[in-house]
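Listed in TrEMBL for this protein:
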{"type": "DOMAIN", "residues": "101-240", "note": "domain 'Palmitoyltransferase DHHC'"}
{"type": "TRANSMEM", "residues": "21-40", "note": "transmembrane segment"}
{"type": "TRANSMEM", "residues": "60-81", "note": "transmembrane segment"}
{"type": "TRANSMEM", "residues": "144-163", "note": "transmembrane segment"}
{"type": "TRANSMEM", "residues": "169-190", "note": "transmembrane segment"}
{"type": "TRANSMEM", "residues": "202-231", "note": "transmembrane segment"}
Amino acid sequence: MASFASTIFYRVDKVCRHLPVALNTFLVFSITGEVSYLVLVEAPLEADQKKTEWSAWWKMIHLLAQYFMLGNICWNALLFLRTSPSIKGVFLGGEGMGQGWRYCYTCETHTPPRCSHCYDCKVCVLRRDHHCVFFGQCVGFRNYRYFLSCLLFMWSGLLYATLMNAEVFIVILKEGVTVHSVLLLLIPWIMLVSGQVSARAFAFAFIADTCVVGFLLVSAFFFFHLFLLFWGQTTREWYSSRRPYNLGLLGNLRHSLGFRWYLCWLCPLIPSPLPGDGINFQVTGSLEPTRILLGQ
């Protein structure tokens, strides 16, 4: 009986771990499909412009822009998931262990500075930043570039989608701010179930709401990680108010994104080798935290 229960728990846990990835994928492609519909069918709104050469070029430019962003989101996300940030397969070395090295009793090995154990991934991660619940994997030394690039294109894509959905908000609110229009924007699911709106109106309202909420959330994550990137910090180091590895703006960009930091954000296929090994770091400040970090 215990074995059966543990098997069920394991399978449920495995499904729950992949659920955020599946949900994100569904939302990304739903937003892309809705914006493509707006571009191809609904815009431009003026009837005399719908069949002009300007309209065709306008639609082509918009479609190229949005699928360029979609391609970068998907490819960066794929490489992020395929690039392991853990210590598995990494020779940590038994010599030269100095300040910052610790012993992980779970992995039963000495770990270098900025490395910590993730109890979700069940392994120590080099230059661990945090465990990303949306991807179900840790952000570390080797996959930080793909994580940040994915955030960049998600932010720009959601900004674009929000602007394109401005017409949806205008249509919903064209008769004024009524109880019906406000409820449609705030709780479209309830309005659909109660039969107050059509499935088409619900779909447009739901995706428009998702774009706005998603843009605000991704903006917070993206600009926070830009702040960390510029100061050469991880999330854990920021929480403990430490900046011992700050190499200056250009040094931090090169250390986190690679030698081609100025190009690698354009496409994940552009090679940008990292200057370090994720084990040894140049110390430029105090390693002592000014705030106590839980879990140390």
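The backbone N, Cα and C atoms fix where each Cβ goes, glycine too.
By number of Cβ pairs under 8 Å, the transmembrane segment (60-81) is matched best by 144-163 from the list 21-40, 144-163, 202-231. In the predicted structure, the domain 'Palmitoyltransferase DHHC' (101-240) carries a mean pLDDT of 89.
Summarised by DSSP class, the composition of the domain 'Palmitoyltransferase DHHC' (101-240) is 80 helix, 18 strand, 42 coil.
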